């Protein structure tokens, strides 16, 4: 869409942060209003992350107004909230391309702009990176400032606290801004806190505090009295004791939608030494009532009509794999009170809403704490329960040592329901589920299953749930199932594949939900088609049978080729000295960028046409 200067006259003056800083302060509330309306107009036309950005408009304007970005370095955690940042940093006219193939990246991305200091997508990384950047800036000696913005969800992760503990030890000059949208501030309390924050962040107070420490350092009773007086004043309205104990100078909470008040507080804090912590209160979805009322639904949106206040409903077609999992979870829990389900802050995405309502005492959302989720599951298993960890492929990476050390070595029966496996689409490199088969396959005695449809997915979940000799995993993709009939649940024989079609010369060994595309190729080439089902243990007998009865083999998977299921097939053949040629089809050796699942599969040759072309070229 073209930018309408008449509709956004103040925003039209800002093509860069340098131009932003030329605006008089009095015009900034109007700029915030236009920026919020432009964000609504843009995202409703193109889709994207929405409610978080609406909540950070004033903060974004204030930070770029006070700090000399990009010389001063601004780091956004996760990046869902960074759309206003992109708009103000030279990407205003391209914001309608965000999350689209070839368009703006969905998160801050170093290769896209000098303003994007840290490429992000996963949570809770900002403070750790910020400390490193602040230490480097100190050694550089050019008075470059460092600011990290982290949300109330992301700050619950252990990594954030590890970083803050380190910052309190080495005391770099940096600012951490906590964007807290979990609660609202009443007018009176908010006004009092805003006034106190400006007082406590001011130079006079800071000078008195530091000077007093020096003057009375040799007089313990007076020093202790001053310390207690300060704590008493701050403790009346400031919930910052934890951050103070970690070594930060805590200021807040303040109204995150008062842009002029934020500017005053940020200017006061800009030149303070040591680690600083500013706690701001915002409302997710601010300025668009439907998003304010339901920020979870409006977190990420398809194209929609803003005047209606409603998102388009799904067509009521096939259920998603997440829903298949959620339905199976409820069905199984109703029969077995030992079932416990765990998610690291992905209740909606993992299809667990109904389960959480029906079985609240057996549902555990551990927040953004993947490591804890896995070891918590280990403890439940030790206690005689049957834990299921529902987690996205890309987030399970964050708990790899816990899978190894706390679950697998102890042979604990923990079932991993791995959602968003393979290509996920618009969220790009940081969210593709490209590596789970590779990083799980090397774990001794791990059972790994890859369903080809929703019925097989249910059977595999059932099989894994009843497997008691160690951990198991079922990986399934983002998106809808294929529409097969659901049959009664029964355990599958571990490590056994099935032949779906008999052909000649060529055998296609398929792992997972690319099966419909592989079936088209098998039909076209008159190839044998095998549903391998298990990545570990592999059906070695079936692989050797296919090698003996065919001239060539092709493996198909939506995982990195390196270390994936196809690599396992190669290992079996080499171990048995079988000289049959094998073509491995899967994800190539680079991070897969954004685009729809269909676009990326076509580009990577993972649709039927692409697979057939690869096979013909290889056989030629």
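Quick reminder: no glycine exception, Cβ is built from N, Cα and C everywhere.
Together with 121, 122, 123, 153, 154, 181, 288, 370, Swiss-Prot lists one candidate of 64, 80, 85 for binding thiamine diphosphate, that being 80. Of the recorded residues, residue 370 (thiamine diphosphate binding site) and residue 152 (Mg(2+) binding site) place their C-alpha atoms 16 Å from one another. Distance noted between the C-alpha atoms of residue 152 (Mg(2+) binding site) and residue 181 (thiamine diphosphate binding site) is 7 Å. For residue 152 (Mg(2+) binding site), the number of other Cβ atoms no farther than 10 Å from its own Cβ, over all displayed protein chains, is 17. Here thiamine diphosphate is bound by 80, 121, 122, 123, 153, 154, 181, 288, 370 per the record. The longest Cα to Cα distance in that group is 32 Å.
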